[in-house]
Amino acid sequence: MEQKSVLIGMSGGVDSSVAAALLKEQGYHVIGATMRLWTYSDSCNMKHEGCCAESAVEDARRVCDKLGIDFYVMNFKDMFKDKVVDYFVDEYIHGRTPNPCIACNKYLKFDALLKKALAMGIDYVATGHYAKIEKGEDGKYILRASEAVKKDQSYVLYNFTQEQLAHTLMPLGGYNKDWVRQKAEELGLGVAHKPDSQEICFVEDDDYAKFITDYSGYKPKEGDILDVNGNVIGKHRGLIYYTIGQRKGIGAYGRPMFVMKIDAENNTITLGEKGMEFSNELTAYDVNFVSGEFPKENMLITAKVRYQAPPAAAMLCPQKDGTVKLMFPEPQRAVTPGQAVVFYDGDIVLGGGTVL
């Protein structure tokens, strides 16, 4: 039987390194590739290189040498800037809270990298994500949450198409992090105990506001803080410093308050009191269903409104304009415009969209 080939995205971390080793053990012809995504311009006076630090590239190269597989560095910087970084900045400036990892997976890892692999005559792409891909009895591909619930990354993978799933491998879906680190030790990989990467790879110290101002030159404008009745109760420093549900850094009002609404058009934020942060419904746009079929009728599902949120029961109601409305029997805390909401049937990822 002809040996199948796979191009695996290598971040220099333990997950992608062990994923590459497992694929080689399974008999694939494995080629490692680090995607060159981001370097900061000297004009921005920014030193942090995050996911594209030379040390990460060299870690990936050493792992590939150890495993005896070819290694490439591929330049996707222009696309990453356009589809991920500029999108991230624009969303924050307009009062929304984006998830750049979802955009990176959608446009780069499972689209641009896959197209590159297929153009090179390679059968599959692979990553070290904790999720599972299976083929159903009807011939359709299924995306499942990882068996390691604490590490499950299916929330950021809902944009898959059937064609992409047919050419994607995720060998870590049945394992947990402890097993992966132990496997890396057994293989003698130097990255066995390398710390997990930060949540947003191109933002140093999770300081979003500093990144946005340094990168774009945007100057935050002060504006009014309102109560739920529209009364002015204070001043804010600029919309990029706030997100829905935030409690810290909003001032003292003699009682617990939180950010309930961000209005970019009027440059205001509205604060609410405890109990007001819960919502029974939301609308999602830019929706994708993994099956490729938009539902024709209402569905009972579970949904996650944030990466770390537990799945919650919901009624999904498809709308004629291509959006979906979700209604929750149990109110959900801090439903945030710009964030993803992901739909599940048990551990099967049905799809997802962006909260309006």
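Placed from the backbone N, Cα and C atoms, the Cβ positions cover glycine too.
Predicted, not measured: the structure shown is a model, and the values here were computed from it.
What TrEMBL says about this protein:
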ACT_SITE  Cys104  active site, nucleophile
ACT_SITE  Cys201  active site, cysteine persulfide intermediate
BINDING   Gly9, Met10, Ser11, Gly12, Gly13, Val14, Asp15, Ser16, Met35, Gly128  ATP binding site
DISULFID  Cys104-Cys201  disulfide bond
DOMAIN    210-272  domain 'tRNA-specific 2-thiouridylase MnmA-like central'
DOMAIN    280-355  domain 'tRNA-specific 2-thiouridylase MnmA-like C-terminal'
SITE      His129  site 'Interaction with tRNA'
SITE      Gln339  site 'Interaction with tRNA'
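Locations of recorded TrEMBL features on the structure.
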residue: Gly9; record: ATP binding site; DSSP class: strand
residue: Asp15; record: ATP binding site; DSSP class: helix
residue: Met35; record: ATP binding site; DSSP class: strand
residue: Cys104; record: active site, nucleophile; DSSP class: helix
residue: His129; record: site 'Interaction with tRNA'; DSSP class: coil
residue: Cys201; record: active site, cysteine persulfide intermediate; DSSP class: coil
residue: Gln339; record: site 'Interaction with tRNA'; DSSP class: coil
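The helix, strand and coil residue counts that DSSP assigns across the domain 'tRNA-specific 2-thiouridylase MnmA-like C-terminal' (280-355) are 0 helix, 47 strand, 29 coil. Nearest neighbour of His129 (site 'Interaction with tRNA') by Cα distance, taken over the recorded positions Ser11, Gly13, Asp15, Met35, Cys104: Asp15.
Neighbour list (Gly13 (ATP binding site), Cβ cut-off 8 Å, at least 6 residues apart, same chain): Ala56, Asp59, Gly128, Val191, Lys194, Asp196, Ser197. The distance from the Cα of Gly9 (ATP binding site) to the Cα of Cys104 (active site, nucleophile) comes to 12 Å. When pLDDT is averaged over the domain 'tRNA-specific 2-thiouridylase MnmA-like central' (210-272), the result is 96. The number of other Cβ atoms within 10 Å of the Cβ belonging to Gln339 (site 'Interaction with tRNA'), over all protein chains shown, comes to 23. Considering only the recorded positions Cys104, Cys201, Gln339, Ser11 (ATP binding site) has Cys201 as its nearest partner by CA-CA distance. Proximity of Asp15 (ATP binding site) to non-local residues of its own chain (separation of 6 or more, Cβ distance below 8 Å) is seen for Gly128, His129, Tyr130, Leu172, Val180, given in sequence order.
When Cα-Cα distances from Gln339 (site 'Interaction with tRNA') are compared across the recorded positions Met35, Cys104, Cys201, the shortest belongs to Cys104.
Spread of the ATP binding residues is 16 Å (greatest Cα-Cα distance among Gly9, Met10, Ser11, Gly12, Gly13, Val14, Asp15, Ser16, Met35, Gly128). Listed in sequence order, the residues of the same chain lying 6 or more apart from Cys104 (active site, nucleophile) and placing their CB within less than 8 Å of its CB are Leu37, Phe80, Lys83, Val84. It is 13 Å from the Cα atom of the residue listed as 'active site, cysteine persulfide intermediate' to that of Met35 (ATP binding site).
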